[in-house]
Amino acid sequence: MNLANFAGQRWLGLAICCWAIVCPWEPAKAAELARFNQTQVHMGVEFEIVVYAAEKSLADQGIAAAFARIAELDGKLNDYNLESELSKLSASAPTPQPVPVSDDLFHVLSKAEQVASLSGGAFDATIGPLTKLWRRARRQHQLPDEAQLKEAFASVGYRKLQTDSKQRRVSLHHEKMRLDLGGIAKGFAADEGLKTLAKSGIARALVRASGDIAAGDPPPGEMGWKVGLAPLNPTEEPTTFVYLKQQAISTSGEARQHLIVNGRRYSHLIDPRTGQPLSGRLSVTVIAPRGIEADALASAVAVLGPEQGNKLIDSCPETSALMITAADDGTNVQKHASARFATVANE
């Protein structure tokens, strides 16, 4: 997953090509709580906040605070905004000395560094030069120039990014590095929106950022927030559901974003280790305690593939995943579930 359209796409356009769908639920059984929801566009995608509250004024106040927090993060983590903290950090590469950054940016970069290490570079926040080239390729309907790809690939590598937790400083070790938080920032923003709602006294809430969802306590009388997992074909109805309670879910896929040249399909999902798009069709859904983790892990698993991806998921506590794969023509559809997925799924 990547942040396009912060001024253009994977923050405007579809952040991820297949997404989890919040399903209809029964009316609240507790008469004193009513359902309220609002939507806004941030990070190039639609954010939706759904809450149960005793009064509309309480709901409006909490939702406004949550959207303000999400907008704040958009301004910091947007790689399309040249004035964002992230863009200014990228522009300083190579950093002559470690650069102090905000708590928010440091937290996201630290988590990105952690997932990159766990996945052997399958998730990589330094992928910006490559995503920029492949986005242009999709717009122009032609493959990137090989020399440009080689140059961009030389700037990518998670070991070129270093964080210092004691000093809260960041170092970038290549002059043409460009950070892209599209595979992690929306999940973090959903987490922070949910946290802000809780501080406002609203516990029964859900924050959806396209394919990233963070859920708090469930609707009154329900076991959880019912979420349907979109199938590989985005025109089909979901057949697999999960019930979320104090959990997050993220889906990464390429059904709606890809490039076809000379009959060959090129995914918008890029392997940072090779600089090349993934082959075949796929959708990856990850359920984790927090959105920041679900978002980054979904990106990593998509790159790693079923076997290595599920090994990664099984090594993470309270985390499960489902990968659906198919050939370019849509045949040979297969489901690959992690060890814990059966305990959370309802098919």
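Keep in mind that glycine also has a Cβ here, set from the backbone N, Cα and C atoms.
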Quick check: of G183, G193, G201, G211, which does TrEMBL put in the same Mg(2+) site as D295, S299? G183
Secondary structure of D295 (Mg(2+) binding site) (DSSP, helix/strand/coil): helix
Once the chains shown are all counted, how many other Cβ atoms turn up within 10 Å of the Cβ of G183 (Mg(2+) binding site)? 32
I'd like to know which of the binding-site residues D295, S299 has the most other Cβ atoms within 10 Å of its Cβ. D295
